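Asker: Here's a structure for you.
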Amino acid sequence: MAMLLKHVRNSSSLLKRHVTAAHLLLSRPFTTTEGHRPSIVHKRSLDILHDPWFNKGTAFSMTERDRLDLRGLLPPNVMSPDLQIERFMVDLKRLEVQARDGPSDPNALAKWRILNRLHDRNETMYYKVLIAKIEEYAPIVYTPTVGLVCQNYSGLFRRPRGMYFSAEDRGEMMSMVYNWPAEQVDMIVVTDGSRILGLGDLGVQGIGIAIGKLDLYVAAAGINPQRVLPVMIDVGTNNEKLLEDPLYLGLQQHRLDGDDYLAVVDEFMEAVFTRWPNVIVQFEDFQSKWAFKLLQRYRNTYRMFNDDVQGTAGVAIAGLLGAVRAQGRPLIDFPKQKIVVAGAGSAGIGVLNAARKTMARMLGNNEVAFESAKSQFWVVDAQGLITEGRENIDPDAVPFARNLKEMDRQGLREGASLVEVVKQVKPDVLLGLSAVGGLFSKEVLEALKGSTSTRPAIFAMSNPTKNAECTAEEAFSILGDNIIFASGSPFSNVDLGNGHIGHCNQGNNMYLFPGIGLGTLLSGARIVSDGMLQAAAERLATYMSEEEVLKGIIFPSTSRIRDITKQVATAVIKEAVEEDLAEGYHGMDARELQKLSEDEIAEYVQNNMWSPEYPTLVYKKE
């Protein structure tokens, strides 16, 4: 009898556990306590005020001031975070002009200096300001001001932020990586400084781009700022000006090449993934020569992606699909678009490959479709139209080289100029990824008037602003309001008179890379697959309403960036689950992820996005 009662109790207990588990699966908030529980600190007094991770400045409550020996070290008025932001904004407006280093120093760089000082003393408030004013400050911490920051970084450097792995550190990186204090790192952005935006080789100063990108990961994706790591791989520089500058902070030697270069990057990758096996590494601004090689070398082994190749491609695909919608056509018409591409570097080839794959999938996703899709592209580089007659053609551009006989019938030849190609092809889209400012001259834009499209699209995607192929005003003034315009850098909308507005869409990578990183992190995907990248691009393409796209608005306002990122991350997780790549994250394992609806995935994403709230601090002796 006793045994029977024990069996009944065990069965009842087991049933209760199953019911409870089922209830939790249906009702669990998919949340983490990150950012909402007290933080244990091992320092007090001035040490706390000098630590940007824990400093709250005038927002420390009186209880915390007593607990942490701060009473008397701060003015007595306890300010709310909103009042702190208001005080900072007043101060920033007053200091903008004073912070300039002479008349040649633009206000944008002065704003960066002021924001950087805030970051140095109070990290939570820095991200509060950045999120609250993202439209105003994204162009300061990222494109286009980050280009100026990188150019001047040796003079701007004040305190270390990130890590530097150099050619001199070979054999030491496995131990070096433990010098970083964070036990968990979720996101690394790494550059070798060889091709910063369109500015060329800036050597060690390129770390500014990694810092800027990670600021957006925190602001847009809610990656915990204590779990991000900007990295510079310094293998030298071929910038002669830097090699001769006694104030330059990096290695003053020419860049390593070949196997020596690969050995440094290989050692870095092995070191960071040994310490943090679940980290995601985003490669940023590597010269074309290495961008594709490193992507192919690591993408099937490590959780990594290259934003210049894959992120730029994804944003361009979203824009191209948006342009089809803005023309009043169904997305399935995308494979019919005639696209002239100016630029055959890593970004240009990345976009071409992604667009071709997208077209092929719409045409049946087979070899015939893939072969047929390449006929929709005409690629023009510094030497003109790329055809099969080109000598020493870049291997990555070979699939897009046009057939000579076919070109002869179109009245084109090897090396034909951009103007000639636009006149003869009459494209639906003119896509610029050349890094050549003003390439879309008046003559080129005039030629686009012959487009067979009812609403041709111009994508002047090169960064920074001075490298844009044309401005919004140039495009609308020559072609009128019946066009779609997008750019990589921000331009203001154009007033065309009579109540007409020429909408300028910024095709910024920040719409995608934070969501790709966050979705990969929360899915626990083993790799970042083409399908996950494609899902991200397609979600962005469908984010805008029908009413908005018919007005020519194909990219959303950056003020919506956290919602955009949530939607993109949701699509990435969903695709990772469908491809059986997801392995789960923290308390959410792969099997639980598979059971979530799309709305539940979105809730899971939302609740795992860090927000800059001051935690309660509790002192504990080490």
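Every residue gets a Cβ built from N, Cα and C, even glycine.
Heads up, here are the entries from TrEMBL:
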| type | residues | note |
| --- | --- | --- |
| ACT_SITE | Y142 | active site, proton donor |
| ACT_SITE | K213 | active site, proton acceptor |
| BINDING | R195, N463, N508 | (S)-malate binding site |
| BINDING | E284, D285, D308 | divalent metal cation binding site |
| DOMAIN | 119-299 | domain 'Malic enzyme N-terminal' |
| DOMAIN | 309-577 | domain 'Malic enzyme NAD-binding' |
Asker: Let me know the model's mean pLDDT on the domain 'Malic enzyme N-terminal' (119-299).
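Answerer: Mean pLDDT across the domain 'Malic enzyme N-terminal' (119-299) comes out at 93.
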Asker: Should any of the binding-site residues R195, D308, N508 have a Cα within 10 Å of the Cα of K213 (active site, proton acceptor), which are they?
Answerer: none
Asker: Assuming the binding residues for (S)-malate are exactly those in the record, R195, N463, N508, what is the maximum CA-CA distance in angstrom, rounded?
Answerer: 18
Asker: So if I measure Cβ to Cβ from Y142 (active site, proton donor) and keep only same-chain residues at least 6 apart in sequence, which ones fall under 8 Å?
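Answerer: When sequence neighbours closer than 6 are ignored, Y142 (active site, proton donor) has G212, K213, D215, L216, N508, M510 within Cβ distance under 8 Å.
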Asker: I need the CA-to-CA distance for N463 ((S)-malate binding site) versus D308 (divalent metal cation binding site), whole Å please.
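Answerer: N463 ((S)-malate binding site) to D308 (divalent metal cation binding site), Cα-Cα distance: 11 Å.
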Asker: Using Cβ-Cβ distances, find the residues under 8 Å from R195 ((S)-malate binding site) that belong to the same chain and are at least 6 apart in sequence, listing them in sequence order.
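Answerer: Those within reach of R195 ((S)-malate binding site), by Cβ under 8 Å and sequence separation of 6 or more, are D201, D285, F286, Q287, S288, S346.
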Asker: Quick check: which same-chain residues outside E284, D285, D308 lie with their CB within 8 A of the centre of the divalent metal cation site CB atoms?
Answerer: T191, R195, I196, I209, F283, F286, A291, N306, D307
Asker: Write out the long-range same-chain contacts of D308 (divalent metal cation binding site), meaning residues 6 or more apart in sequence whose Cβ is under 8 Å from its Cβ.
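Answerer: In sequence order, F283, E284, D285, F286, A291, S346, A347, G350 meet the Cβ cut-off.
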